[in-house]
């Protein structure tokens, strides 16, 4: 071993540490998602059917899938801060596969010529994306902070998953306002916002969490 | 003496609580474990540096160890991250002419076999694994590796590049 390397120096430097507890970032993630959702409702208002207590089935499915995607992926991201060979979190893959049903269904329906309001309501779609991206940025913060504190051994994947998780939760926040139930609209605009978040996550997050 | 999982886990728990005596023993045991872990996975003269880098990473990231889980898989994940990082660095700088030295000690205990770096190499396409092994582990130059494996120089470089990239993504997916 290198003569200049002194194990005693590391021992002298030892201070007690609290082992990282995954529930901490998850609580922050839930709290920020809740706040983002509240802000969207405050700024844009809540869907009329939800307010009336009779939510549309498509809304319920969409909200459930987005929440599942954000939660499962967020859990996988925060797990990555404490790496271990042989231990992997694959729940996010199932959630992502479930979410992929929306764009696939949108393609099938659009191929019949019925695009619904997906294109005509572009202004609303852009607003959907903008709010989702802002909310996603907020939800990404606790995940990135946690990853920086930990020892993620796969920064690239951590970047993708952070983007997907924050995109899913950000879209969930806006989904409480979004009045559209059309599958092509959902498949286009929601998928686009999550995809953009995933790409941004892949490009930005690895630089922030390398150690 | 080969450190056991239970012993190292207990030492790490004590170290997280600030027990310097336990930490000193842990670092010594871990250093030996890492030397075995890295042997034949990188040029022999680079093993010591890699062990030191990994020990420093262990020190800096010790809070990321979950004491309710086994210690060696956590250590192995950190060791493999540092290993891939080191391979990338040497490849990036392209100035390494590593000596062809092999350690005779190739012992792998049960845990070591499960989390071996060889397992990662076996998951690469044969041409990529061979290029990495010849240049990054056996220490051959690119030209020497070309002669030995029958690949062209650009192909060896591409195989190393793609292989290292894939290794990084394999680290947590095994």
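Using the three backbone atoms N, Cα and C, a Cβ is placed for every residue, glycine included.
Some features that TrEMBL has for this protein:
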- A:26-46: transmembrane segment (TRANSMEM)
- A:58-78: transmembrane segment (TRANSMEM)
- A:90-109: transmembrane segment (TRANSMEM)
- A:129-147: transmembrane segment (TRANSMEM)
- A:159-177: transmembrane segment (TRANSMEM)
- A:183-205: transmembrane segment (TRANSMEM)
Exercise. For the transmembrane segment (A:26-46), what are the same-chain contacts with Cβ under 8 Å, counting residues 6+ beyond its ends?
Worked result: 70, 74-75, 78, 131, 134-135, 138-139, 141-143, 165, 169-170, 172-174, 176-177
Seminar exercise, completed: Given the transmembrane segment (A:58-78), its same-chain partners at Cβ distance under 8 Å and 6+ residues beyond its ends are 22, 25-26, 29, 33, 47, 49-50, 89-92, 94-96, 98-99, 101-102, 139, 143, 146-147, 158, 161-162, 164-169, 171-172, 175-176, 181, 183, 186, 190, 194
Seminar exercise, completed: Sequence-distant residues near the transmembrane segment (A:159-177) by C-beta distance (under 8 Å, 6 or more away from its ends) are 29, 33, 36-37, 39-41, 44-47, 50, 59, 62-63, 66-67, 69-71, 73-74, 76-77, 80, 92, 95-96, 99, 128, 131-140, 143-144, 147, 190, 193-206, 209
